[in-house]
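Below is one structure, written out as structure tokens; the observations come after it.
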């Protein structure tokens, strides 16, 4: 297994849980936010999706690539959110799958975000940890809108 | 740098943030819980502390070591929680520091928790991801008790 395949597998153990918990939502939960100025539930989900995609694209390009739109699309239904999540997940997967071992060692210009250059493998580590952090937050949101049963935070190995 | 030192460094980038955010708490926040049957804020913190310690000790022993007490100690003040957190952190650090590269490859009997044996390095990965997940939840708790400014979820590299 290539290093990129290992990275992908480790990240999917969290992303697949994210996709799974979206099925527990109802449309009226999408704009829930637990405090003023918080991200809404859908903003939290799209932040996870588009951040991972941004990190993967940065490794590919060697630098941060500004997104096509400054705001992720807003959706009205859980079904549309799930569709969006699946599309972005496929795009991110495809990007990561193509990385050679050498690419993972190549420095990426992350000055804009972190004030420094970091090797691709470090960016992908941050990508994964960023996703776990915000998914943890999402778990509290889900409890607060009334979801009673949540899966383990990570798929078993 | 040994593999154990790398694991330790990556985990401390989160543990040091956990210790830092405890300073933002007031004593009356300790028993806050955002929904019925939730862990209280202090239970969430002690769950993070004692889980990491349990994972590290399992790697050392080659199997899960039952804790001396089935419940983590309850504290009444933020100062006592911080003291406890620092003590357990030191203990966990010391355990991880001693692992040889070979130890990280040695299977650990995790049948009781995960139904299988896993190499030490996989247990330490789960330890880190478990901590990030619950720290993400803690960030929402902290906002909900009124904390306005929180540090980045991870120490910069």
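Along the chain as shown, residues are numbered 1 onward.
Using N, Cα and C of the backbone, Cβ positions are placed for all residues, glycine too.
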Record-annotated divalent metal cation site (TrEMBL): member among B:29, B:47 besides B:130, B:134: B:47
So if I measure Cβ to Cβ from residue B:47 (divalent metal cation binding site) and keep only same-chain residues at least 6 apart in sequence, which ones fall under 8 Å? B:39, B:72, B:134
For the binding-site residues listed (B:130, B:134), most other Cβ atoms within 10 Å of the Cβ sits at B:134
Excluding B:47, B:130, B:134, which residues of the same chain place their Cβ within 8 Å of the centroid of the Cβ atoms of the recorded divalent metal cation site? B:44, B:48, B:51, B:52, B:131, B:133, B:135, B:137
